[in-house]
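S.K.: Shown below is the structure under consideration.
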């Protein structure tokens, strides 16, 4: 099949690829961001967005706007687009599209479980969940007391069930456990997604393995940095790294023993693709790392559009839109809190 | 410039408005800031000024009137909210315009705000009541259905007990009474109190609800469900959904907590429920009473809301129009630049020269009405920018102009093919669609549209009807012309009629036996108009008609292409480009006419003299061996010499077209820029203008190779095009042939065949099939295909001879155009 996907791709995937490329053309450009950064009030942001594809979603909002409304409506647009594509998709694209949402599902599960642990109202938590990661019985998560129950009651019906095999314990849930569960789930999810993409073969496998490997490596670095100074043992830390990616396996060994950020930096600088990210940071700094990673990711996602006849564009589009919504949220927050000097701190230009 | 403009239409001929677009001017208006709004509003009513955006580098919210636009957008949002509410309540906005027009937007804003607040409040109250109402309805359902569970459970329990008792009385053994006694006595102390929860759960979730309950309590619950037949309004979402009533029995406090959480997660509404029957009955009657109370309250609220919406609906259209106008005024004001002193606005825009007086009037009126101390200043600017193209069309000519504009909008003041299209387009269509029966059908159809014009114009039509309606006058002309050509072809649904006189030919004898072998004899004068009906059905019908139509197509094509080339002459004289006359127009017309003009001449000569010369042969050997004798194919004396001369002319005209023009252009360019090593100072007049980037023309580089290649392409295109375009006109023949053959097939193979059976039923079926085939294939599809081919002949074969079509349309700021923009 390798190399011949161009012949048959358009039978099932051509329409949706055209659609997604059309959607991509609607992403905000640097000029849009420049204008948005000059806004004085949230109304200005609304006015500017009404000239973009977000227009129809925002035009009926009454005037005292909130950041949450803007983000909610922008997310709604993404969800609408996603649902449209999912309706049109056939196998294996529909499975591929579903895979994209599993990450949000994991985040939502963790959000609800942590929330109930801290005695928060379920409805309130549900509103905070990402709409892409919703499933039927998500609210029932509040019932569970430990991992085993969580799995047996709720998650056994969801696509996340297979990822749980690693982390079924009878321990009661606490913050540390939940965080470990999130990372274990994520690890299993990424590995499964990676395997699925390899099975699809062709350009999809090629591009998606690059994107997913980046994702896995980024998670490995984040896990390492976040676990420095906690009681997580080296072996436990090692277990949370996904079993693929550029850092696998030797990089993982080195990361597992890191004790501070500069050691992480030393490990990462051995890998040419990540050298540029770390060279931008000064020693001992981890604040700007997120942004640097996001920038690198956006660059890679945009490159996915350079090739045709593969599913990577769908993944890339969803990720780019999410990044755009994050940007909008940051800009809106800065405008709303009169912190305009910090606007550029976290905005990642897409084009 | 002014002299040149007057020369366009005036002089010997009547003014040709449509032939050249309106002369335009760039005007500058300086408006005092206090009267700006009124001025722009008057200009919008006039609708003859196209404003230029002088603030294009500013983003929307940085412009002067951004706040007002925001206000208008807010009002528009409120109006959309009202419209949505009115749609929900089924109230239509009345079209009747109440005369009381409150033009003050501030008042309107306040009013809309009040109305919105009132409406929102009414809705909120209504929602609250509705919620209480649907909660009660659900409660009632729970009471009824769960009551049934309990009573049925009780009766079955009683039956069981009776059975047990009868068993006990039947089989009195020694052990049994003791055992039962023990059980009886032990039960009340050991028995754990079973708790239960009753409520409603959405039906599609009921399965997973049950599963979840089972899993969470490890099967230690008992669930009963009953289907509610009618959909129930959910109190939370307010939507109708199908639901089940459920009762869960459980034991223990932990289980209860779990069940409560699960109920919440599944959106199952719980209701208090009492085991005892009299309390149930009491609750039911209580709920029923409250339900009827709530119902009257809700009805009253709805009535109030309806009245409010009705009053909104009365004035909705008026408000909507006002807000739209207001918004467009501020958008226009945003395009004007603010003067340095911030006391006046400076606007630039294009307007037709004839509108100068009207615009000045409007400015004066605005200054007067707004009690401004200083009037607006109106002045004409000079610019090298190309002005927009504006044709003053009416409802008849606009559709034809649309046909031309669809290809490309005319360059400012270039010859407009639209004038000729009015006649040539329907004519070429009719050449392909010649049948006066079909023509009459088409005519009747379009007459319906024209008669009901006023009514249809005010309605909103669907896409296809709208397109047909827009082109109704084109279709009218097409129908008239196809009746005319149909009479020439003598075809009425493919049947010939002897309308103008009897056929000129008749059989030699009464038996008519020689008609197909020797032929007919001429008994009368030639048939006066069109094709003699006797040709129909004869063996030589097709060769005769083919030869006629083919030659006719070439004649029409050569005529139209010549017209195109002649129009390029008019363009050249109008724009004073001599080189285009001498090095383009003259060689082109020589080339075309020495080949295909000559062919046309031969065709006419052959028709007149009745000669049997083979024109293919003549034309082909004119190129292959021009010196050979013509022999039988000679049509006139000296033909060979004439052909030699024509051939020579054609060969000469090719390099004539190609070579001189680029060199002449180069010389002109050098001459113009000789001694111009210094840049001319910008005039003070221009430095006043805020926008100076548009007069950088006139110093452009002259790239000789580019010009030469361009000219080469042009020449090759023309020379090859002369052949291929002439051949392209043969489509007139092909489509006309196809049309007449198709219609005769339908007539003979459907109508006549059905007629032959002498059976009324078959005849009716035949007639129906014939009608559908005629309408579907001939009237709709053939019309479309003939239309497309006529379109192509105009766009490609005709217009490429002279039409640049690189202008842009005049789009004035006008309130009249507002309506169709938004919808």
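Backbone N, Cα and C define each Cβ position, glycine as well.
Predicted automatically and left uncurated, TrEMBL annotations should be read as such.
Checked TrEMBL, it gives:
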COILED    B:105-132  coiled coil
TRANSMEM  B:427-451  transmembrane segment
TRANSMEM  B:472-489  transmembrane segment
TRANSMEM  B:554-577  transmembrane segment
TRANSMEM  B:589-609  transmembrane segment
TRANSMEM  B:641-659  transmembrane segment
COMPBIAS  B:676-691  compositional bias 'Polar residues'
REGION    B:676-697  region 'Disordered'
TRANSMEM  B:760-781  transmembrane segment
S.K.: Averaged over the coiled coil (B:105-132), what pLDDT does the predicted model reach?
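M.R.: When the pLDDT values over the coiled coil (B:105-132) are averaged, the result is 86.
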S.K.: Applying the under-8 angstroms CB criterion, which one of B:427-451, B:472-489, B:589-609, B:760-781 scores highest with the transmembrane segment (B:554-577)?
M.R.: B:589-609
S.K.: Do we see three or more Cβ pairs under 8 Å linking the transmembrane segment (B:427-451) and the transmembrane segment (B:589-609), pairs being at least 6 apart in sequence?
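M.R.: No; fewer than 3 Cβ pairs under 8 Å.
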S.K.: Please give the sequence-distant neighbours of the transmembrane segment (B:760-781): residues at least 6 beyond its ends with Cβ less than 8 Å from one of its Cβ atoms.
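M.R.: The answer is 435, 438, 441-442, 493, 739, 742-743, 746-747, 750-751, 753-754.
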